[in-house]
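These come from Swiss-Prot:
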REPEAT    4-44  repeat 'WD 1'
REPEAT    65-106  repeat 'WD 2'
REPEAT    159-199  repeat 'WD 4'
REPEAT    248-288  repeat 'WD 6'
REPEAT    366-388  repeat 'WD 8'
COMPBIAS  695-710  compositional bias 'Low complexity'
COMPBIAS  751-763  compositional bias 'Pro residues'
COMPBIAS  780-791  compositional bias 'Low complexity'
COMPBIAS  792-806  compositional bias 'Polar residues'
COMPBIAS  851-863  compositional bias 'Pro residues'
COMPBIAS  871-888  compositional bias 'Pro residues'
COMPBIAS  927-941  compositional bias 'Pro residues'
COMPBIAS  958-967  compositional bias 'Low complexity'
COMPBIAS  968-981  compositional bias 'Pro residues'
COMPBIAS  985-1000  compositional bias 'Low complexity'
COMPBIAS  1008-1019  compositional bias 'Low complexity'
COMPBIAS  1026-1050  compositional bias 'Pro residues'
Amino acid sequence: MKLKEIDRTATFAWSPNNLRIATGTVAGTVDADFSSSSQLEIWDVDLMDRSSEGFRLTKPAVSISADTRFHDLVWHNTGKHSLIVGATESGSLEVWEADNIKDSSTSVSVKEHSGPIKTLQFDPHNPTRLVSGGTKGEIFVWDLSDPKKPIAKKLGTDNKAGDIESLAFNNITRNILATSSSNGITTIWNVDQNKELTRVKHDKPVSHVVWHPSKPTKLITAVADDAEPVMLIWDLKNANAPEGVLQGHSKGILSVDWCQLDPRFLLSCGKDNRTLLWNPDTHECLGEYGAAQNWTFKTKLNERTPDLFATASFEGKIVIQTLQDVNGGDAPAQEGDFFQNLGTQSQAKISLKQAPSWLQRPVSNSFGFGGKIVTVTTTDGKSTVQVGKFVGDKVDTESIEVVLKGDLTSAFDEVKGAEWKVLEALSKGTDEVRSFLDIPVMKEEPAVEDDSEDVFSKMSPSGAFSLESSDPINQAIINGNLSTAVDLCLKEDRLLDAFALAEKASDAVKTKVQNAYFAKQTSSTARLLNAVNTNKLDDVVENANLKDWKEILALLYTYGGAQFGDLAAALGDRLRESDRDNAATCYLVSGKLDKVSGLWESEITTREKELTKDNVAPYTAHFSALKEFIEKISVFRKATNAVDSGTVDGLYNKYREFANIVASQGNLELAQQFLALLPASFEGVGLERERLNKAAKPSVATTATSKASAYGKPSYGSATPQASAYTPTASAYGSMYAPAVPAAAAPAAAAPPPTAAAVPPSPAKNMYAPQPPAPVTGFAPAAQSPGAPQQNTHNPYNPTPQTNAYAPQGNAYSAAPQQNTYGRSTPGGGPVRTTAPRHDTAGYNDLPAGSVPPPKKSAPSPGPISSAYAPPTPAAPSAPPAGGPRPPSVNRVTSPGVPSGGVNAYGFPIGGAPSPYGAQAAYGARPPVPAVVSPPPPNPYAPAHSPAQNNVQPAVNPYAPAPGAVVSPPPVHAGIVPPPAQRSAPSNPYAPAPGAGAPPASNPYAPPTGGFTGAPAPHAGGGYTAPPPAQVAPPPAGPPRNSVAPPPGGPARNPVPSSPAPPPAAAKHPAGDRTHIPATSRPIFDTLSTQWAGLKPHIPEQYSKHVRDAEKRLNILYDHLNNDDAQPEMVEDLLKLSNAIAQRDFPTAQALQLQIATARPDECGKWMVGLKRFVEMAAAVRTW
């Protein structure tokens, strides 16, 4: 699996200390700009950065210029120094200290070779010793104890040896060196003795030599010749001939690397642009990694992390990838899968047959999420895997579970402090809260009727008086100018007169008098009255003395209204520093979740310390404090119905922590309840929920026994089908997988006139939306004779075959019964979908959850299978109906049965929804209405035709058998019992139909020919007895029968009444016209067409067919926009989707596409497939 790419044409070396890689411009190449510059660069490989930007490394950590280009590069620790050494085309040895590289002046350059240095190798037994090999057979041994003063010693020169292409020190025996040369000679040296020990020779150039990691006499040489691209395995105990040959490359091999931790892995690459993985022990090629566009000249495993290796090619890339591919291997992909893998088409396609030695588990047990433990025991080569429950410190969550159920009474049973009293008051309602705040409950007193005169009316002034019109106030009153009169009263400080006058004046005058009053009064009462009267209670909150906090809170509760929560929280903020308990009361009464949770969350650590003083373990103390916090929060939310307000990220983190702890104890249901409280946008919550949902699924079995494999895990190969642990729930659409259950038959409806058989074609339906069940009509075909073969009437929109309860289940024309190996009901004659059982235990090669491809459609099984739609076997065979057999019905138009049970590439059932009467078919429920056979719907994967060709056609099942001539079964005469049916072999679904004279074998993949087939054979085969009809209503009288029967042995064809012509379509603009797109839809067309034009050049040629098809379908969408056919909601969603593509926000674009397809399937036509492919291609390419 590709992890990183470096855009450099360079040789490279892995760092022995950390995940870094050094690159040096390779010799013998020319850049696109014909530059002769050379760079030495060091790159940080951050495997945690999985972004699209992080995939391609563009910024080296260190970059310096070099005087010459490199043939080879090594990075090695000598003990005191970390050295990078380069073999250059100028013949000089360049040495850098990796930790001190600043520029080219920091290198030490030594020239001893007379020509270019081709290869370098450090001695694993002597870290300061380096050997270099070059042209003309020159080999030098270097002492790098002091990197600034390298000391060289010539090992030997053999002019016949040619250029030294590769060096390798023996991994076991000290001082043993192997050198390979361009003339095919591989020489074994004793470096200390400067002595040649032996040679192995090949008649072709040898490009690379490697020693076996653990066997001192074994080595491999690679041949660079295109005519014989092989790797030879030698054992020096007999060097006369190679011990084995590894063949697989089509051109010369340039580089080989033998894994030091597991000798069963060997990498090779060469001129055929390929990188192969081998098992040298079995001489088997394990697989091929993604091919480059040019020669791959070096491949090397990382010594610290052998799962990783890098390959350099003349394509201009260094690719860093893993040994094991986790993207599904070479499994055949469906059309929809191609685009998901478009961006990874050149990645590895290898599934290792054995686990690397460094991954073989040294233990035999493993803990699993959700309080599970897996134990493995191996006896006599057989491994037994057991999955059980494991609980460490049992946590008590009963009280929280009770609260979540809504029962708060138990939470207040114990005396737990002042906060719990407040919570209890909140849980009991308003009266209890008023009582807690010492606010008396005002009871309404019954009104007392008093007919006596108003006592105050007797207190009115009486007697004669003078108006004193000269008084300005009196004059203003007389003239009705009350505002002026009030102003004069206020000016003379006559507040009582002003209040009396304001009663008859406007509200503005009243406010003026009140303000004047409050301005002159300084008492607390006046301040309080002002706050209440002007609704400025924040003045009381901010300025009143905190010793009266409870009275302030009561005032706020009485007059605060909608602002009470905010005002009470503000009062709590004032109290928090000086009086934590009273502040908590204010927060609780305010109902502010953020304030309450923030206060309690800050006290968790303090509570932990208190618990640890009582010799409680730190983890137990932490969980106890966390549990108290969660319990109080849960009670608070239930008591006040508090909603998330403000910033409650701290609370969400505590919810998640608590959920993880209880999930680890196996209480997955409680954990799910708390994760459900987190918003979907909260970071990481989606992954947590997915993990919980998977863990909560019931396992099929807790014990699995199988042969032990090389992975240390069971080898699953049993052909015995496993029972599925999942039973689909019946829905309004019925279930095509639900077992057939006998049900009481409903009385049959009266038959309408025979013209009901002519069903007008229905418009084509969306192939990607689940099909609703077919409507039930009142028409029932004529009843069959008890002795006649059972008719298998089929409705294209209701594919489940129906059975006549009055027809015998076995006869000479019966097809062989089929049996679904999974015990689910599938129509007879249809393909049975089988899938490999899913294993409950994970192994090395198991794919990640997000990488598992959707289930593929299996091919129909040609072997004899028995039908799962056969009626249940009765306890005793049924007796034939009383009376003579009735003649077979004639002139019946039926359609053949349609196989059901497959799914298309988008996960929806093929063939429509199952019949809602499937369970009643064997017990006499009426068969569905015969339907006119119509042309099949368009193939969702075929290229779209031009809009002018898209005539609306009725939708039928694309896998329906080809209709043919009706062949009448032989008549059964009265008193003559039909011969016993013989079990016949099932018809080959791929064979051509036989001639007329025998019931034609149906081909489920043949296109309709326009005729009508006779009734297929019943599902129950010969030898099987149908169950007796149980408490069923007699069938209704059928439509009038045609008195003319077809001649014996000949086909009977029935004319089909033509369907009424569809209404004329509204005038549309011509296809391809884009001038009438409304302004609201114009941005959709502009954005999609522009982005599509930019994306197309980046899609590989192999997908050209899909590109053309997608483009045609997109043009259909543009035609709809041009005709203003789209609904406003659809236009809005398409606008969002196009903007997401333009902004490269592909997850949002994919989510919007899925939302459109599922929420409005009726509005989605053929263009939706093109839009889906557009989004998938864009997400795969990502940048253009």
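Cβ coordinates are placed from backbone N, Cα and C, and glycine is handled just like the others.
For the repeat 'WD 4' (159-199), the mean pLDDT of the prediction comes to 92. Residue counts for the repeat 'WD 1' (4-44) by DSSP state, with H, G and I taken as helix and E and B as strand, are 0 helix, 22 strand, 19 coil. For the repeat 'WD 4' (159-199), same-chain residues at least 6 beyond its ends with a Cβ under 8 Å from one of its own Cβ atoms are 118-126, 129, 131-139, 141, 205-216, 219, 221, 224, 234, 236, 239, 260. Mapped onto DSSP helix, strand and coil, the repeat 'WD 2' (65-106) counts 6 helix, 23 strand, 13 coil. Beyond the repeat 'WD 6' (248-288), the same-chain residues lying 6 or more positions past its ends with a Cβ under 8 Å from any Cβ of the stretch are 171, 207-215, 220, 222-226, 229-231, 233, 294-301, 303, 306, 309, 311, 313, 315, 323, 325, 348-354, 356-358. With DSSP classes pooled into helix, strand and coil, the tally for the repeat 'WD 8' (366-388) is 0 helix, 18 strand, 5 coil.
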